[in-house]
Amino acid sequence: MTKFVFVTGGVVSSLGKGIAAASLAAILESRGLKVTLLKLDPYINVDPGTMSPFQHGEVFVTEDGAETDLDLGHYERFVSAKMRKANNFTTGQIYESVIRKERRGEYLGKTVQVIPHITNEIQAFIERGAAASHDGKADVAIVEIGGTVGDIESLPFLEAARQMSLRLGRNQVAFAHLTLVPFIASAGELKTKPTQHSVQKLREIGVQPTALLCRADRPIPDDERAKISLFANMPQDAVISVWDVDTIYKIPQMLNEQGLDRIICEELRIEAPPADLSVWAHMVHTLENPQHEITIGMVGKYVDLTESYKSLIEALRHAGLHTSTRVNIEYIDSEELESGHTQVLDTLDAILVPGGFGKRGTEGKIRAIQYAREKGVPYLGICLGMQLAVIEFARHLAGMKDANSTEFNDETEHPVVALITEWLDRDGRVEKRSADSDLGGTMRLGSQRVPVQSGTKAAAIYGAEVNERHRHRYEVNNHYVPQLEKAGMIISARTPSENLPEMMELPASMHPWFVGVQFHPEFTSTPRDGHPLFKAYVEAALAHQQNTQRAAA
């Protein structure tokens with residue numbers, strides 16, 4: 001029977017509940033347990049697919065095509081289990097499900113209320129999500145509840161967790177509460193009062209934390225931990241100090257050294273071997289002792305909020321980890337390049353244009369792509385970054401001066417990137433798509449296997465087949481592919497049924513390393529295994545750096 005650990009937060013959001021949950025999962029997995037994770041989001045949106053990156057950060061796409069919270073990316077990077085649609089749900093999905101049941105008459109004429117109907121539905125979703133991994137035989141499911149204790153939106157989720165604890169009985173459910181212990185510079189001391197109030201609020205709901213994770217910018221002294229334990233009504237060793245570190249991959253060791261996994265296993269009556277975190281120790285050692293250093297320019301319009309590119313940033317770090325390279329990322333606002341001033345690109349070892357939506361900043365990205373192509377700087381374009389590379393190539397090398405995407409100009413003379421107006425949905429039914437279609441859930445989503453053309457860079461990286469995740473509406477227009485290929489572009493991977501371009505590259509005679517991909521490879525990169533595409537990209541950046549230094553000598 002699966003046991004549950006609920007991870008809650010207090011005082012403020014963005015303390016790192018997702019990292020804490022993922023780190024605990026990694027420790028338990030290293031003890032030989034089968035672990036899965038769930039994220040419960042209290043907002044009313046059905047999913048984050050239509051939310052602004054400035055509001056929500058990155059949208060993480062699962063193998064089965066769900067648009068989910070970015071914390072699921074942390075989960076996949078820290079544990080071996082793959083997340084699915086069932087591993088993330090929102091208030092919107094809960095209410096949608098309950099209302100459908102009410103309309104079908106499943107409640108037999110009863111008044112539908114938050115308690116018990118909404119809370120029962122939340123519990124059903126939690127148990128369904130826990131069964132989605134390990135063939136339904138997970139030993140532990142770690143359930144992160146978004147928001148903070150005291151939020152109106154979070155109350156039904158916390159009540160559902162309390163009810164699950166009561167229903168399942170002793171030693172079946174544990175609670176880890178993450179809270180803030182701020183350092184007040186003017187007083188020169190850490191303040192525990194916000195944490196005391198947060199735990200008090202949680203206990204009012206009927207939940208007593210098993211462990212308390214106290215976030216601070218420095219280690220919390222024992223006397224402060226003793227004070228917290230007294231007011232929180234829990235043993236001092238269950239008050240865990242979680243301080244700021246330079247890499248999130250140190251967190252599993254930090255929590256393990258303070259006995260968090262021991263506390264949880266004792267509460268749940270789980271017997272398991274000691275944790276073996278040697279892989280994480282080796283990872284941290286490699287990160288702290290690189291042999292090389294490069295700078296990659298990431299050109300986008302969400303650069304002021306790097307959470308928008310969380311998986312991509314981590315994928316680049318993973319590639320650095322597997323090439324013993326410190327990867328520095330310089331974030332470049334694409335709108336600042338639209339005036340033609342590209343001097344900021346001169347010191348870069350490689351250029352990357354990530355995925356995105358909308359017209360704003362696209363001409364600046366195209367200038368960066370042109371710079372990379374003409375100067376021989378390694379280039380990687382992801383999703384929109386590939387589409388813009390096709391537009392740049394069409395304009396300057398294929399004789400289509402006004403080439404564009406219909407996303408930006410629906411009257412363009414050469415729509416080299418266009419909307420696919422007819423797709424098969426997940427059930428195999430024809431689904432019409434147009435510019436007027438709903439935005440939510442109407443993209444090509446999830447993993448797809450695609451054959452790769454032999455003798456290409458893509459084949460050297462991936463082998464005969466690529467299996468990556470997608471999140472996009474627009475595609476490279478097949479009508480223009482012959483003209484692009486005649487001008488020198490190589491389409492190195494195509495979808496088997498629609499024959500749509502999935503990867504493009506330039507031959508070595510035109511550029512040393514220029515690759516665009518329609519999918520999102522960052523979603524499958526992990527610190528343990530890295531990713532072949534990002535590894536090849538970092539190696540190309542190192543080669544470019546060495547050639548530049550050799551030429552300058």
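Cβ atoms here come from the backbone N, Cα and C positions, even for glycine.
On a predicted model such as this, the values are computed, not experimentally measured, just so you know.
The L-glutamine site recorded in Swiss-Prot includes G356, L384, G385, M386, Q387, E407, and the single candidate from R449, R469, R473 that the record places there is R473. The UTP site recorded in Swiss-Prot comprises S13, K191, T192, K193, P194, T195, Q196 together with one of K3, K34, K39, K227, namely K227. Among the candidates D71, D135, D139, the residue that Swiss-Prot annotates alongside S14, L15, G16, K17, G18, I19 as binding ATP is D71.
Cβ neighbour density within 10 Å is lowest for P194 among the binding-site residues G16, G18, P194, G356. Highest local Cβ density among the binding-site residues K17, K193 belongs to K17, counted as other Cβ atoms within 10 Å over all protein chains shown.
Rounded to the nearest whole angstrom, the C-alpha distance between G18 (ATP binding site) and T192 (UTP binding site) is 22.
Sorting the recorded positions K191, K227, R473, H520 by the number of other Cβ atoms within 10 Å puts H520 first. Here the Cα atom of K193 (CTP binding site) is found 52 Å from that of E407 (L-glutamine binding site). Following the DSSP three-state reduction, the secondary structure of P194 (UTP binding site) is helix. Calculated from their C-alpha atoms, the gap between Q387 (L-glutamine binding site) and H520 (active site) amounts to 13 Å.
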